[in-house]
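What Swiss-Prot annotates here:
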type: BINDING; residues: MET41, GLY190; note: substrate binding site
type: BINDING; residues: ARG117, SER163; note: ATP binding site
Amino acid sequence: MKLALLDDLRTQNPIVFNISNFVTVQDVANGLNALGASPIMSEEPAEAGEMVGLAGGVCLNLGAFTQAQIQQIRTVGQQANAQHKPLVIDPVAVGAVQYRKQVATGLLADFHPDVIRGNAGEIAALADISWQAKGIDAGEGAGDLVAIAQACAQKLDCVVILSGPTDIITDGTRVVKVLNGTPLFQVHVGSGDMLSSIVAAFCAVTPDTFEAAQTACLVFAAIGQRVVQTVPDVGAGSFTVHLLDALQSTTVAQIEAVAAYE
């Protein structure tokens, strides 16, 4: 685990171009900025090529979209591939809504992601494995989560992050589990979206997308855990504020002190 990538990120200040969920766009922008990256957001297809050109990494969030936005997502994804920019996809609720799965499947036929990050229900859906998802939440299902993540990675030929109490990161063969975290991530709408964009930021500072993905997950989970451990009586509202503070101030040494992964 190359936690020194966090220092590289803060030194290089990579631009991350986001097609964002309007519900969480401010959380994503603030989270990236606090960590040390530079977020840009746009929904104008005419500038997609130039925006991708400026970016070190691209993150496409499927949380809230219209037909026009689907075309924008497609254009940006194709531009990212054409310009060889690392591309992260967050397939929100594809496990709960069939239309969303159809849209995501169509998009993934038109461009290739380097990393896909989702919960168990979303990753299972993309792997065509049965799972009972609940809206944007993972829901409940019976299955080997590592096998599900590996199946998705092998099917789509990319790194997959299956987020949950334990984050599973795999390229289809190698597997890393991040054991850090806090249940407060589940009550902070936008924490998953924030992580997806942070993954893109780490991908911008190393060509090794598997290393970038696992490091991003560990950094984010460990920082969230430290907030709960160091802030008295933190709740859903105050957690959001303290998380941003911690994204800005937490050092590599502090993360190493609590890091738990296998």
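Any Cβ shown, glycine's included, is placed from N, Cα and C.
Swiss-Prot feature annotations superimposed on the structure.
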| residue | record | DSSP class |
| --- | --- | --- |
| MET41 | substrate binding site | strand |
| ARG117 | ATP binding site | strand |
| SER163 | ATP binding site | strand |
| GLY190 | substrate binding site | coil |
### Task
Tell me the Cβ neighbour count for ARG117 (ATP binding site), meaning other Cβ atoms within 10 Å of its Cβ, over all protein chains shown.
31
### Under 8 Å by Cβ from GLY190 (substrate binding site), same chain, sequence gap 6 or more
VAL23, THR24, ASP27, VAL28
